[in-house]
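Asks: Provided herewith is a single structure, encoded as structure tokens, for subsequent inquiry.
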Amino acid sequence: MPAFKRILLKLSGEALMGDDAYGINRATIVRMVQEVREITEMGCEVAVVIGGGNLFRGVAGGAVGMDRATADYMGMLATVMNALALADTMRQEGMTARVMSAIGIEQVVEPYVRPKALQYLEEGKVVIFAAGTGNPFFTTDTAAALRGAEIGAQIVLKATKVDGVYSADPKKDPGATRYAKISFDEAISKNLQVMDATAFALCRDQKLPIKVFSIFKPGALRRVVTGEDEGTLVHV
């Protein structure tokens, strides 16, 4: 039995690269989709916010000298490409997914309309939110917090490269320990970078817990959803 009825899964664009330097790694996206399918079969309603960093990052080197808002819009379009790839892979795996974009691209994806998104979730479809919040200067982490609050998700699952929040960078400090759980205030006081400040504040204000876990660890998503000790829970 899932511990959560409805979740918001935040996937970074980089997670889709696998071991590649750029783009979408086919084996990686298939494995991720199979993990999502596993939790939908348990009765969990799943919405996804996808990043675009595997294709373009508004804050990265390729955007140097570019107007920040323009670069951010390009990043949003990258998330639409990722969302389409994710939805197509889900279809091939026998799932039904709907892509909803915060920026209107009607010929390609439907616009984000909250009641429609809620209807899809209740029907057991996976909803993939693309184009971030639709506004420059906001990260896809903030989009995850916003959409999570809007759809009434019980938790935001932040899928990353590391299996939780650590007391220090585990790559640099062998003595770093993983927190099983930590409060929002404690994470702020210890300056732990769970999400960017805007996303973090939104989750805290809405009393929306965050679970940070590794998407590269097989079965981790299932263990998180069934309430096992996996990753780090950030709570009020």
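Placed from the backbone N, Cα and C atoms, the Cβ positions cover glycine too.
Summarising the annotation, Swiss-Prot assigns ATP binding site to Lys10, Leu11, Ser12, Gly13, Gly53, Arg57, Thr160, Tyr166, Asp169 and lists sequence analysis as the type of evidence. Marked as UMP binding site by Swiss-Prot: Gly52, Asp72, Thr133, Gly134, Asn135, Pro136, Phe137, Phe138, Thr139, Thr140.
Describe each of these features in terms of where it is and what it packs against.
Replies: Secondary structure at Asp169 (ATP binding site), taken from DSSP and collapsed to helix, strand or coil, is coil.
Around the Cβ of Phe137 (UMP binding site), the number of neighbouring Cβ atoms within 10 Å comes to 11. For the recorded site, Phe137 (UMP binding site), the DSSP three-state label reads coil.
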Asks: What count of other C-beta atoms do you get within 10 angstroms of the C-beta of Ser12 (ATP binding site), across all chains shown?
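Replies: Its Cβ shell of radius 10 Å holds 21 other Cβ atoms.
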Asks: Whole-number Å distance between the CA of Gly52 (UMP binding site) and the CA of Thr160 (ATP binding site)?
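Replies: Given the Cα positions, Gly52 (UMP binding site) is 14 Å from Thr160 (ATP binding site).
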Asks: Just checking a number: largest C-alpha distance across Gly52, Asp72, Thr133, Gly134, Asn135, Pro136, Phe137, Phe138, Thr139, Thr140 for the UMP site, rounded to a whole Å.
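Replies: For the residues that bind UMP, the greatest Cα distance is 14 Å.
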Asks: List the same-chain residues at least 6 positions away in sequence whose Cβ sits under 8 Å from the Cβ of Asp169 (ATP binding site), in sequence order, or say none.
Replies: Ala176
